[in-house]
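*Asks:* First the structure, then my questions, so here it is.
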Amino acid sequence: MSCLPELAATIAAEYLVASLTLAFSTKKSSSRQLGLLSLSALVVLETVLLSAWSGLELLRGVVAFFCFVKTLHLVSLFLILRVEISQLLPQTRKPSPRFLAALNCVVGTRGIGTPWEVKTWTHRDHASPPNQTPKTKGAYIARTLLSLIWQFIVLDFLNFGAVRYFQREWPGALAADAEFLGPASSKEQLIARFPLALLLLVNLRMLLSMIYKVVALVSIAFFSGCPQSWPPLFGRVWDLRYFRVRDCWAVYWHSLLRWPLVTISSAIQHRLLPGSGKAQQMIQLLLIFSISGILHVLCAIYAGLPDNLGAIMLFFVGQSAAIVVQELVSPRPRAGKDSDTPWTRFLNFLSLLTWFYVSMPLLAYTALRMPVETNEFMPLSFVEEVGWQAMAGVISAGWAGWTLIGG
């Protein structure tokens, strides 16, 4: 844990150098080359410090994951897209707006406010966007702080209440290689698959949302960011136009990673097989999920997960295969020929649930087998103090109140 200050300083230096390089250099200038050399040295130092950090394993894994995402984002910005500040802020030469626009581009892997903006969700034509972002900074900060407190309590309950309960009461459900048994699974294991997968999905969604909101708060409070630049990370499942594997991933996960992943995978695909046909799309899809799988495997290594990490990679590669098969069997309706009826939505929803019921244990079980004691990354645990039953009541009451105020 002793190298944590040095690691934090290195990460901050990377963002500073990247923002200055983007704001005050052109893609062919010597100052751009100097900035890239400095960034390369900082990335190497960051990797060394991550390996030397002996802190809490889960926290180390989460930090490592976002460090790798940051590195991929910088590669896409400076080496593939070769972005210049004129593409972000064409009408000003003042240093402060240039730096802030560059910082927003470097930090925001969703590209909000840039030509490469990633849409927050694919909502239905008749649906209003969920969780409207407050327009004033004060309202946004107050709402986000309340949301962070609420999510902290829920994460505490999930990690020290629900996960520990499953490990204690259903040990056979998480037995070694249970995710690979398929039809040979015991009745206990078949019943446990859905709640275990749901537990991990909620846990990961909550954790991602918390990290995103912390970064948004820092940007808005200290770097003149605006609430509209940080729309909600997740939409609602019922606002999906089609219940398909592709749409689900685009809305609920890769909206955070899509800009760097699509940029890098497109560059590789054009080198391997130039063009824009079906074969090229399939190659790019496989590359996107393969890169995502590698990121998650590296995260698991740094988090000290105790299992065969090949299951994680198989999970992500399997998602690309599922997307291809689903679109071959049941192509998406063309524009103007929408066959979206309640019955087809229901069937697609069932097929989506079935797919994740089958595949999610490949990702979930590896993480859920991790001892709860090494899963700690928060400074305190209310569940440890008052028990999970009491916290379940607090969470239920909080959820009802948060729903009433439009959270």
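The backbone N, Cα and C atoms fix where each Cβ goes, and this holds for glycine too.
On a predicted model such as this, the values are computed, not experimentally measured, just so you know.
Feature table excerpt (TrEMBL):
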type	residues	note
DOMAIN	230-317	domain 'Wax synthase'
TRANSMEM	36-56	transmembrane segment
TRANSMEM	62-81	transmembrane segment
TRANSMEM	145-166	transmembrane segment
TRANSMEM	190-207	transmembrane segment
TRANSMEM	285-303	transmembrane segment
TRANSMEM	309-325	transmembrane segment
TRANSMEM	346-366	transmembrane segment
TRANSMEM	386-405	transmembrane segment
*Asks:* Considering pairs 6 or more residues apart, do the transmembrane segment (285-303) and the transmembrane segment (145-166) have at least three CB pairs under 8 Å?
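*Replies:* Not in contact, no.
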*Asks:* Output the single range from 36-56, 62-81, 190-207, 346-366 maximising the number of Cβ pairs under 8 Å to the transmembrane segment (309-325).
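*Replies:* Answer is 346-366, with the largest number of Cβ pairs below 8 Å.
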*Asks:* Please give the sequence-distant neighbours of the transmembrane segment (62-81): residues at least 6 beyond its ends with Cβ less than 8 Å from one of its Cβ atoms.
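*Replies:* Residues packing against the transmembrane segment (62-81) from afar: 7, 11, 14-15, 18, 21-22, 32, 36, 39, 43, 46, 50, 105-106, 109, 116, 207, 211, 256-257, 259-261, 263-264, 267, 291, 295-296, 298-299, 302-303, 377.
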*Asks:* Under the DSSP assignment, what numbers of helix, strand and coil residues are found in the domain 'Wax synthase' (230-317)?
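*Replies:* Split into helix, strand and coil, the domain 'Wax synthase' (230-317) gives 60 helix, 1 strand, 27 coil.
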